[in-house]
Structure formats: structure tokens, C-alpha cells
Amino acid sequence: MELGKSKFSWKDLQYCDKAGTQNSPLRVVAHIDQDAFYAQVESVRLGLDHSVPLAVQQWQGLIAVNYAARAANISRHETVTEAKKKCPELCTAHVKTWKAGESEAKYHENPNPNYYKTCLDPYRHESVKILNIIKKHAPVVKKASIDECFIELTSDVKRIVLEEYPYLKIPSEDSNVALPQAPVLLWPAEFGMVIEEEVVDRTKEDYERDWDDVFLFYAAKIVKEIRDDIYLQLKYTCSAGVSFNPMLSKLVSSRNKPNKQTILTKNAIQDYLVSLKITDIRMLGGKFGEEIINLLGTDSIKDVWNMSMDFLIDKLGQTNGPLVWNLCHGIDNTEITTQVQIKSMLSAKNFSQQKVKSEEDAINWFQVFASDLRSRFLELEGMRRPKTICLTVVSRFLRKSRSSQIPMNVDISTQFIVEATSKLLRQLQQEFDVYPISNLSISFQNIIEVDRNSRGIEGFLKKSNDEIYMSTSVSPSIEGRAKLLNENMRENNSFELSSEKDIKSPKRLKRGKGKGIFDMLQQTAVSKPTENSADETYTCEECEQKITLSERNEHEDYHIALSISRKERYNNLVPPSHDKPKQVKPKTYGRKTGSKHYAPLSDETNNKRAFLDAFLGNGGNLTPNWKKQTPKAISNSSDNMTQLHLDLANSTVTCSECSMEYNSTSEEDILLHSRFHSRVLGGVTVSFQCSPIYRVNYGLSSDCIYSINSESSLIDQRKAEEALSFVNNELSSEPIETIGVDKYTTFLFISDKKCVGLLLAERISSAYIVDELELNNNNSTSSAVYIKNENLRKGFVLGISRIWVSASRRKQGIASLLLDNALKKFIYGYVISPAEVAFSQPSESGKQFIISWHRSRNNGSSKSLRYAVYES
């Protein structure tokens, strides 16, 4: 480095507060971690000093231990009895709990898990308080968990540096010119322990501090202020790490616990990292880290430093090779953004001993779940609310769910949640024998941002110059459907609104002659701009009207409604081809599954249909009275119309590969078929936050297997259930909800970000033995699986509920690989034998796979024709 010059340029300084800050060479990031957070919350609540040994209790186990108790060799997951033997003066505080039938959580003494549910609200509330304090000092914060977060400090530090060194405010004309020499700063001890090179020749020129050290200095100062502020306001201590990226800052935040902070300088990165193991690095832990160690033959980062990038790519593949090389060299360009807003909430409880045996017992628990969801719902940031409430019931032989929509004008109170779920429970009771219940849950789904400027369908019904008026008794948020009359309706027809609620009927609409729904929509679409006239405008391609951007969505909805309304009106003009009304089978979209056709509709189709249903009502029938009075001229000339109807029917084709039935003359159908066809043959696109449990190879394909269960993140569970839903449609199977249910584990084979294989495993205890040799000796030619009660056996562990492979990847060993991984990974630390596996209602092809798989595990022995099945 040239004497008096920095190795950083003016461009590097300017880059600190622009998009892509994570790539700036002057980047600084902090990681803050609360010290024994749950224990601290209870100590503050009870007014105890931090020096008093304290552990947080849940039932008879410990879930958090403060540092004073750790000094007595007490650890988490010990029982209360064991812990008090080690430290008689140990103070234990049980977490807050809800009692069945109560709507308020309390600190109960010795609660029974059969009648109580844990409440973690106090810790969530304190976590929110801590984050709010941090955001006052630095706004870019990402919550990593309930007790830790990452802070992007680069732009905040740049602002301070420019204030401290005003000469940096006047940049050089050439941004590539080096910055002036950085000042020498004295680090006070309160800023934390600074990790530097162990052996430093301070006479060397390259030891001179540069601007990256200055940025670290002021970042450490901000973090110290944050930690002091948290303690001043809440009395909580926390530890912190400050360095150049999230991985390094998290790595050093635990170096100097509790209640201290650690700074890792750039010249010390190598010395610090080579002393660690690969699995110590963020994102390289768990099973993924173990796979890397096995492939590289070492667990030392020091050895990785001696490996080239090409060597790692050859060993680990194009994706994982560079990832491991960068992380082991201290490079992490992960962007820190605000946390992704949650889309769902779940409150659930397992009843392992005391089952729920009646509706009254279930409603008592609904009161608890409702209070839990209500309190968490109120904590949501912004104007957000769920669209759907869902009830899930699990019994010994049954898992069923029911859901209902939450009206936008309803207050989501505890009473509303209880009443809504009670209604759903009664629906399930009428259809199934749901008792005794072993798992019960209520969830909010489809949580969305509420647009304050949004309006309902009544917003389209503006007054016109034809004396259209509405009764003031109609609420702006009224539910129900509007039955509109078209231009062929009589003048004396009335306009009515209906609702399930007690709403007075509106007065009749006075209309001018010849005015129908299209006229009303047209008035809305081309209405004169008011206060938005000064806004930017765009020209509509459909009608060439200039529309303000603020009204664009409304205008596009108008065209959707108008086009579909015309189409529906035209369809109503086509008379039947026979005197007797013929029931025409509606066109369906999707793959043929049994006697039904199914595939998800496109977003555009769903939007059109939802809008039209809400707008038109009565099944989209625009002309109920007109159909009763069809003019003779139309009814008598039906030949051409009938021929047109037959032509449309003949254009329906069925794809030979994906079995989807669609209309070959409809652009919309062709697009739907294209999407569905690629999905069926190529697999479902999916990605997970967690690491895979198995990697087939580390080449370009990056084939791997993921395991998703109730302990996985909610996002991953949802993605796995979406893939399972697709598989259920493929196999014509009943839907199964796996989110939050302990007994299910989903194994997914992912290739190039597509799920091309899926296996759903569940815990079982018994199954029926099936002997194919006996069936063959009896000359049975049926594909059915026959079971006998006397063949029921216990001792089974793993049940295979679903197993599926995409058509394009069959006969490549994927199903066997999924099954083998299920044997190894379904129960942690235990490898299940083939004799402990049973299959749920296999088809003929499923039987052939089972027999083949058993034979391969028994070296081709004929005894392998014995297998087990169970009733799911």
C-alpha cells in the first residue's frame, strides 16, 4: 500500500449506501444475541438479580438456564429434580400456560399437560420490544430468531464517518482514486474484544489501519449504544459480534459471552477461521456439513484453505463448491433485509394421554387456541389480516380439515374464532367419527396486506345521470351478491342486495330506458377524474382511454367484468338442440383422475370468476327473466346455433401424455394445458430453506433429497404440502394435511429445483402380512391386495402412505432411493429394517415396486414376496 494512501477508493465509499451494499468492501454487519433470553425474561419478571441461579420450566423439563445456573453444571433438557440435586438453591419459573376453557394465560403452579397449553407470548412481546429499540439506532434489521438478529450498519456508519471527517464529503472527480490515509483510532475496552493477528510486526507498512478498521470502530460504537439502551430500558443483557458480513459477525458473537461484544478485523480473518471446524460455519452445519466432511475427508477449515476452487467444484459441484470455498474464506454476501411477513399462524396441541372425547371438550380448547391466535394476530405489523380460518382434527384413523372465509368487515375476536371453529367442527362431526381426538389445531391462512383504499363491489355502483339512487341503509361493507339486470330487462325490474346478516332491503333503483349493466360499467370506466387528475396517466389498450395510475386496477377489473359478461350473455343466446333441456357437462381443466378432471386454474381465470361471481350473482346469469321469454325468431332458427355448439364440443381433446382434457380452440385452455403438461412431466418447482439430508451427486444436476416434518420451518412445511397436494391429484388420493402433525415426514427428491419424486411416511404400530406366493398358488389374478384379520401383526414402525415419481424420471431408482432414505432418516439415530415397513393400499404397479424392492433387499430370495400393508 502506498504510504499515505488507502487501498479503498472513492467509489468504495460511495457504494456504502446504495443498492448492493452487501457487496461493498467497507461493509459492516452486527449480530446481537440475547443472553439466555427466556431465563432473563423470567428473572426480570420476578425481580431477581442475574446472579441468582434460575431455570425456565416447561412441565417437568428445563427449556432455558441462565449463566448463574450453568456455573452449577445445569443444562437444558434436564428434569427439575435432577437440576435441584446439583443446585438446591436453583429457582425455577414455569412458563405461562392456558387452561382449557379459559381465554387468558396465567402463571399456574404445577400445570398438568393434559389440561394446559404453554404460552410463549411473554417472550414474543419482549422480543418485539428489543427489536423496536434496535431499529431506533439502525433501521435495517433482520430477525433471525426470537432472541437474535442481524443488523446492516454500513450506511449508518458512513453517515457518522462523513460527519467526523468532513473532507470526505467532497469526492474526487475520478471515483477510482484512492481515499486519503485513514486516521489511527484508539479502541476503548468498552467497545469489546478486538480479534487481530496473533503475530503482528507493527513496523510493517501494511499494518497501518485503513478505512475498514474505521468503519468497524464506529459500528462497534453503535452496537455498544444499542446494548446499553436495551439494558437501560428492559434490563436485558446481550452479546454481539461485529465484522464484515453476517457469517463472521455471528461466528464471533458467541466468542465472548455473556454481556460482551467481539470485533473481528480483516487482517485476523484467516488466523481465526483456520482454528475452526467446517461445521462451526453458519450454513455449513448439520447433515449438509457432515456430507461435506465425508466428501473432502477433513473437518478442518485450515485444510480447505489449501484446496483450490477447481478442486472443490470437482468434489462438491458447481453450486456447493464455490459456496464452501467462500464461506471457509470468510466471504458471505448475503443481503440483510427486513423479515418476510408471515402468511399463516397455527395454534395446536397434541393429546397423547387425555384425548378429546366430546364437542364440549374441543370447544374448551378452542377458547385457548383463539386467545393464542388473537394475541399474535394483534402483533402483526401494518394493516394485515387473514382471509381463511382452518380447523384440523386428527384421530387414530382420521385426519380431516375444514376451512371457511373470514369476511373483511368482521372483527377477528376470540368469540368469532371460537364460533367459526365450532361451526367447522360440527360439519366434521356430521360426516365423520372424529372422536377421540389426538391432535387439534386452528390456523389463520392467507394473511394479506389490507389495502386501505380498496373498495367492494358497491364501489362500482356510482350514481348516473339517470336518477340511479340507493338506499342509505345499505352498508359500504355489505356482504352478499348484487343481482344486476342487463339492457334487455324491463324498466320496472328492481335492483336488490342480499346478505346473510340482518340488513334491510334497499329501495328500488330508478332507471332510464335501455340502461343495463354495460352502461353502468361504462360510466364507471370513463368517469371524469377528480382529485387524482394531477397523477400520472396511462392509455388503456382496450378502450384507448387515459386513466390515472391510481385507478388502473379498477379500470382493468372493469374490462375483465365487461368481457366475461358479454361472453356469458352470448352463451345464454344459444338455445338447446332438443326440446328437453340437456344437462351439459361443464368443461373441466386438468388431468383425468378417476372420474373427475382437475388442475388448478390460472390466476387470471380465478380472478375473473371470483369477480364475476361477486358482481353478477346467481351463477353469473345476466338474463334470468329474458330466458323465460325467448323471442320466437331466435328459438325457431336454431340450426346454425346448434351446429356452432357441436363444433365447440368436437374441439375438446385429451393429451396422451398428461391426460388433461382441454379445448384445442381456446387460447386459455391451451395455456392451461401447457402449464399443466410441463408440471406433470417435469415435476413441481419448489425450494426449501433447510439443507438436504442426502445428495445423489455433486455434479451439475445437484439431485438431492429433503426431509420435511413438523419441526421444519412453517415455510418449508407449506412448500412440502403444496407438492403433496399435486401428488395426491396425480394419484387420485385423498388430500392429507401434514403441517404441524408429528407423525408425518415428507421426503422429496429435488432435481434442478423441481420435485420429481415424493414419499410420505407416517408412524404406524401394526400392519397386515401379505403373502404373494400364497395368492399365486391360489391362482389369484386380481390386482387387489387381500388382507386377513389373522395376519395382523405388531412391531411395525414406518408406514409409506404415498410414493410418487414424475413420468419423466421413472425407472431411474428414485423411488428406491426415497424409501432407503426414509428407513435411515425417519427416526433419528435408528435405521429401520425392511421388516418394519408397511405400505398403504398399493396399486398393481405399487405392488410390483414393493416386491422388487423387497427382493433387492433380500438378494432376490423368493421369501421377499411377503410384505405388509396397513389401513391409513
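Cβ atoms here come from the backbone N, Cα and C positions, even for glycine.
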Which listed span Swiss-Prot calls zinc finger, if the choices are 253-287, 463-497, 533-567, 708-742: 533-567
503-527, 653-677, 778-802 - the range that Swiss-Prot marks as zinc finger: 653-677
Number of other Cβ atoms within 10 Å of the Cβ of Cys540 (Zn(2+) binding site) across all protein chains: 17
Cys540 (Zn(2+) binding site) in three-state DSSP notation: coil
